[in-house]
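Visitor: Here it is, the structure, as structure tokens.
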Amino acid sequence: MIFFTITGSLTAAIVYDRRERRRVQQKWCDLVAHLSKETLPIEQTRRKLTIFLSAPPGDGLRIAREHFKEYVKPILVAAALDYTVIEGRREGDVRAALAERIRKHRRKAGEPSSVVEEMSNEDIIADARQKIGVVEEPGPKGDLVIGRHTWKEYIRGLHEGWLGPLDPPSPPDAPVKGPSVPVEGSETPADGTPAEENTEKKEEAEKKDDKPAKPSGPTPAYVSPAEYSSRSLPPTLPQSLDSSVPIPFPHLLGFLNTPIRLYRYLSRRHLADEIGREVAGLVLASSSRPYHDGSFSSDSELSGAMVDAGASTLSSPDDMMPSSSAKYEQQTVLEKEESEWHKSVHKRDEENPDKEREWIDDIVLDPRIASRMQRSLLSADEEARSQRITEGKEYILGEERPAPVSFWQRMWIKYGYGEDEETIRMKPIIGNLDGADGE
């Protein structure tokens, strides 16, 4: 009896959570589904978002991909939006990729640089589209950042790309070793090996040097956080950057944390609701606000009109110099996730303790960049409409809610030989091919 009680309770909790999670996700999908019905001119491509994700501390990239596919991708598919994914397998990959992307944009805008870029597949496709007159759909874009660790790399890469130089810094000088002095009166060098063997080893070393060496890590940063205040803003920096949305990515490891992990597994509907609201706000792009700094309270909300008004005042590169006492909202976003990271992540490299660590170092912001960042929000009207969708009073914009389907009919359609009305409607109607007399 005890066994059946525990098993039945656990099964009921799992089934209930999955059903509620599907219902919550369907609400946010219905909220943005009207965008997929909009038609575009033949010379325009769909609006594209940028997804930033990286392997969580202490785990692999597959976990981050599953988190994206489970909570974020269904809403993007419902809105029929295009997206680009920037992935990072190691610490610093997202930072390096974003910084290089911004530097590439600055070079294309006309800023002088001695770097000769190679044509990538994306450049070839973009050049072909430009020749035939295909342009992107006008409208606001956005960046969706998954997890606190990715968010810290995103902030670092944003500053490095806009404040750093376009040309890579010169590598540090390697220590010069003195030549070995051979012993007089002997035919072998000082190491005791014959001269022929040394010659063969040198030839093998030269062959190895000819092969391109694999990078041992991400590209080193072009500028350090301590140099932010001394760098001038590039002329191609816009008055306001694309909107960004940090997405929570709780990832707790360890056997002793099993009760917490079990509770989170049985209450994933709340996480789906929170992520769905943030993603829907970025997809609809109906409202945005600048991130708060030390002068704003956490409860204050600024409208999208104040974004342009605040950004227009930053016309000089020397405006708003860094203040050590300022506390920005970007520094506290998803801060609770850091306490759940594996303890091995917080260890410094004993051989190189001064090495930069994007995940464990404090977030350093330059006010000139931080004030240009915006955060997408779900407007009050869209929030009210999502509530009406939950209550069944409203459906996708421009459509009526279909008639409810019974449980048994739904099972017959899903697992049996039944067909829903939409599938039947899409079937071609073939007339009598044998003629009127049936021959």
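Every residue, even glycine, has its Cβ placed from backbone N, Cα and C.
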Visitor: Which is it, of 9-28, 109-128, 309-328, that Swiss-Prot names as region 'Disordered'?
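Guide: From Swiss-Prot, the annotated region 'Disordered' range turns out to be 309-328.
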Visitor: Could you give me three numbers for the topological domain 'Mitochondrial matrix' (1-70), the DSSP helix, strand and coil residue counts?
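Guide: DSSP composition of the topological domain 'Mitochondrial matrix' (1-70): 46 helix, 9 strand, 15 coil.
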Visitor: Counting each residue once, how many in the compositional bias 'Polar residues' (227-239) are helix, strand and coil under DSSP?
Guide: 1 helix, 0 strand, 12 coil
